Amino acid sequence: MSIGVFDSGVGGLTVFKSIADRFKTVDIYYVGDTARVPYGNKSRDTIVKYSLELTEFLVKSFAVDLVVVACNTASSYALDFLKNRYNIPIIGVVEPGCIAAINATKNGKIGVIGTQATINSNSYANTLSALTGGGVRVYQKGCPLLVPLVEEGKIEHPVTKIILKEYLDGIVSEGIDTLILGCTHYPVLKDVINSIYPELNLVDSSVAIIDYIHKLNLDLNEKGLRNLFVTDESVSFENLKKLIIGDIPTFKVNLDSIELK
Ligand code: DGL
C-alpha cells in the first residue's frame, strides 16, 4: 500500500516528513505544484481544479491507496469535492488540526493563521465550531507575507519577527492560549513563534494528521520508497526541501500531462 501527498509546492514536505518519519516502510508519493504555487490567493474554482489534477496524477500514476491533502488551502476548498469523487480515503489537514487544538486549549480561545484563502473559507472556524457545538472562541488572521518569507529562507530573520508580531499581536491580545498553524509553511517558523509567544500552544497539522492515518488501519508495509515530483523546477523548492527533509531527489512532471482540459 502507498500514500499520495500533494501540496501547492514545497510546504507540504512538512507533512511528508511527519508521515515518512512515522511510517518508515510505507511508499510515499509527493507532488508539489511548483508551476502554479501559490494557491493561497486563488479562487475556489481554480483551487478545486488544481487539486483534482494532482489527485488524478497520484491515483492514476501510482495507484495510491490514500491521498493526504497536505495543503491547507486545498484542504479548505477541495476536500469535500475530492472525497465525493474517489473511493479511496482522502484526508486533509483542517480537521486533524482542529481536534488537536481542542485537546490543547485550556481557556477555549483558539487562534488560526493561514493564507488569505484559507482564512476567507472559514474552514477552521466552521470545523472548530461544529466539533465543539460552538464551545470555543476562534480568532483568525490571514498572514500572506509568511509564505514568501519562508520560501526566501528568512526563518530567523528580524523582518520575519516584525511581520509575525504585526500579524499575531492582535489575536494574542484577545487571550488565545492555542494557535493553529494553518498553512504548510508555518511549522518551519515554530521556534521563532515560540520565542516571541512562549505561552502559546502551537498546533502543527503535520503532526496531528498522523493519528488520522493510524485510525484507517491500512496495511502500510511496503519498501519505504520516497518519491518527489514537482510541476516545475524551482530553486526555492530545492533549498527548502534540503532544510525540511534532506537531499531526496526531485523529478519533474510535465504540467501538460496532468492538466484536465
Ligand atoms: N500550501 C499552502 C497552504 O498550506 C501555502 C502556499 C500557497 O499559498 O500555495 O495553504
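Numbers here mean position along the shown chain, with the first residue as 1.
Each Cβ is built from the backbone N, Cα and C atoms, and glycine gets one as well.
TrEMBL: automatically predicted annotations, no manual curation.
Listed features, source TrEMBL:
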ACT_SITE  Cys71  active site, proton donor/acceptor
ACT_SITE  Cys183  active site, proton donor/acceptor
BINDING   Asp7, Ser8, Tyr39, Gly40, Asn72, Thr73, Thr184, His185  substrate binding site
Quiz item: 10 Å Cβ neighbour count around Asn72 (substrate binding site)?
Solution: 37
Quiz item: Could you give the Cα-Cα distance between Asp7 (substrate binding site) and Cys183 (active site, proton donor/acceptor), in whole Å?
Solution: 11
Quiz item: Hey, what's the widest CA-to-CA gap across Asp7, Ser8, Tyr39, Gly40, Asn72, Thr73, Thr184, His185, the substrate contacts in the record, in Å?
Solution: 13
Quiz item: Whose Cβ lies within 8 Å of the mean position of the Cβ atoms of Asp7, Ser8, Tyr39, Gly40, Asn72, Thr73, Thr184, His185, the substrate site, other than those residues?
Solution: Gly9, Gly11, Gly12, Val37, Pro38, Ala70, Cys71, Ala74, Thr115, Thr118, Val147, Cys183
Quiz item: Cα of Cys71 (active site, proton donor/acceptor) to Cα of Thr184 (substrate binding site): how many Å, rounded?
Solution: 6
Practice problem: Check each residue in the chain of Ser8 (substrate binding site) that is at least six apart in sequence and keep those whose C-beta is under 8 Å from its C-beta; list them in sequence order. | Solution: Gly32, Asp33, Arg36, Val37, Pro38, Tyr39, Gly40, Tyr50, Cys71, Thr73, Ala74, Thr184
Self-check item: DSSP-derived class (H/G/I helix, E/B strand, else coil) of Cys71 (active site, proton donor/acceptor)
Solution: coil
Quiz item: Rounded to a whole number, how many Å is the Cα of Asn72 (substrate binding site) away from the Cα of Cys183 (active site, proton donor/acceptor)?
Solution: 5
Practice problem: With H, G and I counted as helix, E and B as strand and the rest as coil, say where DSSP puts Tyr39 (substrate binding site). | Solution: coil
Quiz item: Where does Asp7 (substrate binding site) sit by DSSP, helix, strand or coil?
Solution: strand
Quiz prompt | Those residues of the chain, 6+ apart, with a Cβ under 8 Å from that of His185 (substrate binding site) | solution = Val10, Gly11, Thr14, Leu146, Val147, Val150, Glu151
Practice problem: Tally every other Cβ atom lying within 10 Å of the Cβ atom of Cys183 (active site, proton donor/acceptor). | Solution: 28
Self-check item: Packing count at Cys71 (active site, proton donor/acceptor) (other Cβ atoms within 10 Å of its Cβ)
Solution: 34
